[in-house]
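All remarks here apply to the structure that follows.
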Amino acid sequence: MSNTFGQLFRITTWGESHGVAIGVVIDGCPAGLELSEDDIQRELDRRRPGQSKIASPRKERDRAEILSGVFEGVTLGTPISIIVRNEDARPVHYEELKDVYRPGHADYTWEAKYGARDWRGGGRASARETVGRVAAGAIARKILERVGVEIVGFVKQVENSLISANIVKTLENAIALRKEVESSIVRCPDKKVSDQIIKLIERARKDGDSVGGIVEVVAVGVPAGLGEPVFDKLSADLMKALGSIPAVKGVEIGSGFACAAMRGSEHNDTFQKFSPPYEGGVRGGLVTETNNAGGILGGISNGMPIVARIAIKPPSSISREQRSVDKSGNPRTIRVGGRHDPCVVPRAVPIAEAMMALTLADHWLRARVSKVD
């Protein structure tokens, strides 16, 4: 089982959805970084359930407690351990389905691999595991902020409602956009589209169903030169990081799959001298007129904004009647109980930002030892 991510800035998450607690151990964080539980709590509060009428009603405070690696508000360079206790776990909701394989879930595959599984809400296959990622991501963001990197994510699409424009180009733009994103309960900065998405999610809940969508996450101020070709390309590690988020079924960078319908003359990003509108958001001395590459060329950052998108499937836990089988292969008709999101896309935004931050922080540290200045 692989529960560890990163090379120099390395995290290991632990715990199950309805267990006693969940958490993360961060190894490789440099000493001397100012860090408090409040820094971590701000990000966890963005991810936790029960935030709005369209989210899971599970009530978790998700209070972060730093157990090690920080003294007098400063990191020591030693492993940082963070624990978050589960306060509203209700495994009783899953007892009647413990011998049934729920459609769309990891019940069957985890049992096929390990011969045992935690049937309480999916165990580590649950998105609750991402609490540890977001906590670690908050620390990675602190490192990146010191070198002028800002990360912002937002909901680009839910079902057939979407934002079509590219809206993040500069550092100042990203900071302003974050305020707009957080003012929407579905984390969509376009008011008209946001209202449409809320209606779509409410309709899906009423129908006993669910909807998926797309999250876009952008990093501005990333210096040119991050990435470790050939197998640890920045793009490859970023796709792995984002693709490991529960419910993600697709990842693209820059123009993504749309590039398959373009010609080289159209897709190539022409270099030019550093100039607006990218001033304050580009680190490398050169800019490109377009950003089809999404800020990465040859697996190495080029100083332009890094743009990635993830496609998120509709949540598998729905209240509609579904057909399945039990462990003996007997047909069963089930309804999945418990407290679930009809759409996880808005809550995936801070998770995607965290995985972007973890990847960039790791590669920033690795880049510092790649050459002698």
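Even glycines carry a Cβ here, placed using N, Cα and C.
The FMN site recorded in TrEMBL includes ARG124, ALA125, SER126, GLY298, LYS313, PRO314, PRO315, SER316, SER317, and the single candidate from ARG90, ARG146, ARG263, ARG339 that the record places there is ARG339. Take ARG124, ALA125, SER126, GLY298, LYS313, PRO314, PRO315, SER316, SER317, ARG339, the residues named in the record as contacts for FMN: the widest Cα to Cα gap among them comes to 44 Å. Within the chain, the region 'Disordered' (317-339) has long-range Cβ neighbours (under 8 A, six or more residues past its boundaries) at 49, 56-58, 90, 93-94, 96-97, 99-103, 105, 121, 207-210. All protein chains considered, the CB of PRO315 (FMN binding site) has 24 other CB atoms within 10 Å. Between the CA atoms of SER126 (FMN binding site) and ARG47 (NADP(+) binding site) there is a gap of 14 Å.
Here the C-alpha separation of LYS313 (FMN binding site) and LYS53 (NADP(+) binding site) works out to 20 Å.
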